[in-house]
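What follows is a short report on a single structure.
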Amino acid sequence: MIRRISYNWLKEYIGLKVSAQQFASEFSLKSMSIERTEKVEPVFKKVVTAKITDIKPHPNADRLRLVTVDYGQGKQTVVCGAPNIAVGNVIAFAFEGATLLNPDNLSQTTVLKSVDIRGVDSAGMVCGLDELGFGTEHYAVLTLPENTPLGKPLETLLVPSDQLFDIEITSNRPDAMSVVGLVQEAAAVFSLKAKLKPPAKPKLKAKKLSLTVKVTQPKLCPRYQAVVMAGVRVDFSPLWLQLRLMQAGIRPINNIVDITNYVLLEYGQPMHVFDYQKITDKKIVVRLAKPGEKILALDGKTYQLESQMLVIADAAKPIAIAGVMGGQDSAASNQTSTIVFEAANFNSVSVRKTARALNLHSESSDLFEKGLPKLLTTAAIDRAVELAQDLTGAKVASLVLDSSPAQPKVTKINFSLATLDRYLGITIPAVQVKKILTNLGFKITGTKTWQITRPWWRNDIEGEHDIVEEVARIYGYHNLPTQLPTGQMPVRPKDLELVWEDKAKDVLSGLGFTEVYNYSMVSEWLLKQSGINSDQALKIANPLSEDMEYLRPVLFPQMLQNIASNINNFSELRLFELSKTYVPNKSNDLPTEVPKLVGAMVLDHDVFSAAKGTAEFLLKKMGIKNYQFSEIDSQVKFWQPGSALNIMVGNDLLGHVGLMNSNLTSKFSIINSVAFFTFDFATLAKYASPVQAYQSIPQFPAVQRDLAIVVSQNLSWRQVEALVTAADGLVESVVYLSTFINQSIGPDKKSLAFRLTFRASDRTLKSEEVDLVVKKIVDKLKTSFGASLR
């Protein structure tokens, strides 16, 4: 995340004497990276403060109005299109000849000229934020407090020239998303003491008003604090506060809302403000949403809530989505006189799930998702009360209600300087190490072995290694000696599964296969088209489109789509994909990721034998020899009955090979026979062997014969294969080819086809010798199984 921060604001808390460029360089070297710096100084001229005294409709345009302003030395009427202005507003007014930023190109300036707008001459302008250099919102007018003197040049009211830093904050450092957190970092980087004075504790000064807080889900809301303030005067914030917000990219609204945004920037704690009078029965309950509940959020949209979503509710209804956004029905308005400040700590996972389910994200939800410390709510409440008293005249009208006042457990870490020496390879003086850690907010006790208490705002510090990193970065990695390491470099063990992935891809590519990459998301239509129940797949909460509603549980449906898209352009297809499938996990919200290898073939000849041969060749290249084939249950609907096999190693299923069921392929308008081989890749990698025994090339040629026999349908081809293999010593291999079932063969009969390879180690076999062995095999088949030659 990028946090934009003012250098002047940082300097209020720490005595920095270096230039902004020096600060950015040193800070980036030892802490977070400053991605960009921007010099801030007034770019406008001839702009003064003025009060709107009259607003009339434009005679020739519905969306324009005639606005009369009083600039102290006189009045002037101009044409204005801004919708958010009212009589009595103090605004920034530009005279003819004023220099402003060009709203169509904010990198350029323009000189204001008198123009005729729909028949009315306009020689001035009510300035928007973008024209003054305070953001990009064209119709957002800069509105100043009512007591601002009129006719005052606007640049005289502004703070001195400043520098803005865009700082890249890593996700493990939400504490640095605040000015206070960055000040703590800068204090350590520049060896200075931060002037961080805690805000004063709220004291009850008005008549005590009733308010109760109840948290029903303490695991999802570890802490909730609230305080009532009465006598609030809602107005526009002073210019200094508006500038701070605008420099950070936040549009000022009114002093109450601006205070919560200011505290967000200063302390990194999201806050919310409720109108006290709009809270039913003056009860706040942090609970899960009830079935059917809805909320009209501050963005003007109504959201349907789900039962696992945490909400802030009063006695009647939800008034905020916990950690995400408040509701309009309880929001403070210009008529509000009594408010409730809220600061809470919410479970990061709960906020993330709610924000994603509703597709509703805010800066508050982004911060809560990263995990904030419980103690931060106290500092935020105290600071908000302090600012409200100063800026709105409000008085504290209740005690600070706290759902969890108990202090969290202190984390202490045992640390030895010897550990630091061992990790860094140099010795840093103990005094210097202590100063670095103290400036970062750590507390140290002990002598030889230190007991280090981590700062309450540093949830990322977990052990001794984190302490070493903190010292090393502030000391400066560039200050560590540059020398080559001595001794033997450790050998990092290879991830064998990745090695076998590369091997499998190389083998299949060498066989003429093309690798395909499909999306991990599929449509409900594709699942149903492939005969897969959508309950077997994990549904995505916020799919990009209807074509990406589910995480795919298998790979073959998309492969069938690939074939259907390409079959008319090629006479043959050989495709494969090696990727993950996602299987729903009942014990976890996250699916089980299962890597799969799928190959598909469409040929003009015996495609089943080709697919089976490819699978066997791949197994051979991966060093797997002790595999066996077994027939797939004919009830498995994806495969053509009698034309599919399991591939086994012992009792483990490696995969399958066979013809895809023609009823299935026809749904994709594929008329050709399609053969698939599939492997569970984790199991495949488990049995793969990088060491393969050397086998010399045979000296004498082999002789092949094809054999087709008719047997009972109850007989497995594996039984036939085993008998033929053991029938004679000249039989080198037996390859099952196919099964054929037809009434012409006879009832309850089937034809099995095999390819037999014969070889002798000491001579070239003669045809007569092979014929005798084949006759011997046929006789054994007749005797054992009642088989006959087809």
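Glycine is treated like the rest: Cβ placed from N, Cα and C.
Among the features that TrEMBL reports, domain 'TRNA-binding' is placed at 41-155.
Restricting the average to the domain 'B5' (408-482) gives a pLDDT of 91. Annotated domain 'B5' per TrEMBL: 408-482, in sequence order.
Annotation comment: TrEMBL describes Asp460, Asp466, Glu469, Glu470 as Mg(2+) binding site. Under the three-state DSSP scheme, Asp460 (Mg(2+) binding site) falls in the coil class.
Sequence annotations record features per position, and here TrEMBL assigns domain 'FDX-ACB' to 698-790.
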Cβ-centroid neighbourhood (8 Å) of the Mg(2+) site, Asp460, Asp466, Glu469, Glu470 excluded: Arg458, Ile461, His465, Ile467, Val468
Residues that sit under 8 angstroms from Asp466 (Mg(2+) binding site) by C-beta distance, when 6+ apart in the chain: Ile413, Asp460
For the domain 'FDX-ACB' (698-790), the number of residues DSSP places in helix, strand and coil: 29 helix, 32 strand, 32 coil
Secondary structure content of the domain 'B5' (408-482), with strand meaning DSSP E or B: 33 helix, 13 strand, 29 coil
Cβ atoms near Asp460 (Mg(2+) binding site) (within 10 Å, other residues, all chains): 18
For the binding-site residues Glu469, Glu470, the one whose C-beta sees the most other C-beta atoms within 10 angstroms: Glu470
Tally of DSSP helical, extended and coil residues in the domain 'TRNA-binding' (41-155): 6 helix, 64 strand, 45 coil
